[in-house]
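This report concerns only the one structure given below.
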Amino acid sequence: MVVLGSTGSIGKNALKIAKKFGVKIEALSCGKNIALINEQIKVFKPKKVAILDPNDLNNLEPLGAEVFVGLDGIDAMIEECVSNLVINAIVGVAGLKASFKSLQRNKKLALANKESLVSAGHLLDISQITPVDSEHFGLWALLQNKTLKPKSLIISASGGAFRDTPLDLIAIQNAQNALKHPNWSMGDKITIDSASMVNKLFEILETYWLFGASLKIDALIERSSIVHALVEFEDNSVIAHLASADMQLPISYAINPKLASLSASIKPLDLYALSAIKFEPISVERYTLWRYKDLLLENPKLGVVLNASNEVAMKKFLNQEIAFGGFIQIISQALELYAKKSFKLSSLDEVLALDKEVRERFGSVARV
């Protein structure tokens, strides 16, 4: 298989599962962590390797692997790969072209890059995509029951770093505080997306494209991250998917469902410890951006705007140019502005053009 973004949290776990299942690695790609990909090359001996920055070529130790550079290089690498499975764990809209290329080459796409579905779900062949996250894996597992008719799909949120921060102090928080996730150890971007609830807006849109635009879709807070998803059926019964908070479960099913079902990749749940499970609504007072959930479900192509403005705001926030209130404000302004506009987005080029327009418009926003 091919692992794009092999040095990130998902990529590292995917390689662990590949080793366990005896799956050979044809190709790897990474962003800036050349030291780690050099170690991965030694262990997995891929035939092809892609890195983002040509300035890192001198430090790369490909050990005979063919080397590709940049986002176009990743596309070229996918073009040449014979593997049937591509795991796309690239962070951000940078992973969008790789998703398109993988599907064009008739590969099965294990998708951890949320931005692909958020920005271009209407253009992707969903039948070839397996989502790599705990919420959508939970929904998939629950929807295997073909007797009951689903009515609404519900995913859970931990609440992120600011779930207990006094409301009047949220706007002044910095990135260092936003990166203190209560339950998970993840990359910087997804951890901050969790604090802002952008991650859950992304996952709501992913649910829309993956499992049914006709169903009611919602989210709630479950602080322990043990309940990942719930499905309410037409008979008003509800079934929940519970599992330890460990990404190796959805990753293992994305790689090989049969092997994944025959052996455990996560620790068993201690059912006696579950007395603490409690569901809470997502408050728009605390999570201001959550008020756009219905707007996004009514016009899911606004996902391009959500993602582009989020990446612009994220960069400013991580660079300490703005506080958390400014971060939220940039995204709010972008969604309010583009909600009034009409766009078709009938091709990848049109998606990328709108993405660029939003970045240019909001990238120049002064300090907030």
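The backbone N, Cα and C atoms fix where each Cβ goes, and this holds for glycine too.
Per Swiss-Prot, these features apply:
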BINDING   Thr7, Gly8, Ser9, Ile10, Gly31, Lys32, Asn33, Asn113, Glu115, Gly187  NADPH binding site
BINDING   Lys114, Ser134, Glu135, Ser158, His181, Ser194, Asn199, Lys200, Glu203  1-deoxy-D-xylulose 5-phosphate binding site
BINDING   Asp133, Glu135, Glu203  Mn(2+) binding site
Asp133, Glu135, Glu203 excluded, remaining Cβ within 8 Å of their centroid (Mn(2+)):
Lys114, Pro131, Ser134, His136, Phe137, Ile155, Asn199, Phe202, Glu206, Thr207, His228, Ala229
Sequence gap of 6 or more, C-beta under 8 Å: which same-chain residues meet both conditions with respect to Glu203 (1-deoxy-D-xylulose 5-phosphate binding site)?
Lys114, Asp133, Glu135, His136, Ile155, Ala219
Neighbourhood of Gly31 (NADPH binding site) by C-beta distance under 8 A, where only residues 6 or more apart in the same chain count:
Gly5, Thr7, Gly8, Ile51, Leu52, Ile90, Val91
Going by a 10 angstroms cut-off between Cβ atoms, which of the binding-site residues Asn33, Asn199 has the sparsest surroundings?
Asn33
Measure between the Cα atoms of every pair in Thr7, Gly8, Ser9, Ile10, Gly31, Lys32, Asn33, Asn113, Glu115, Gly187, the residues the record assigns to NADPH, and report the largest value in Å, rounded to a whole number.
21
Find, among the binding-site residues listed as Glu115, Asp133, Glu135, the one whose Cβ has the highest number of other Cβ atoms within 10 Å in the structure shown.
Glu115
What's the number of neighbouring CB atoms sitting within 10 A of the CB on Thr7 (NADPH binding site)?
21
Around His181 (1-deoxy-D-xylulose 5-phosphate binding site), which residues of its chain at least 6 apart sit with Cβ under 8 Å of its Cβ?
Ser158, Gly160, Ala161, Thr191, Ser194, Ala195
Asn199 (1-deoxy-D-xylulose 5-phosphate binding site) and Ser9 (NADPH binding site), distance between Cα atoms, whole Å:
16
To the nearest whole angstrom, state the Cα distance for the pair Glu115 (NADPH binding site) and Asn199 (1-deoxy-D-xylulose 5-phosphate binding site).
10
Pairwise Cα distance for Asn33 (NADPH binding site)/Asn199 (1-deoxy-D-xylulose 5-phosphate binding site) [Å, integer]:
24
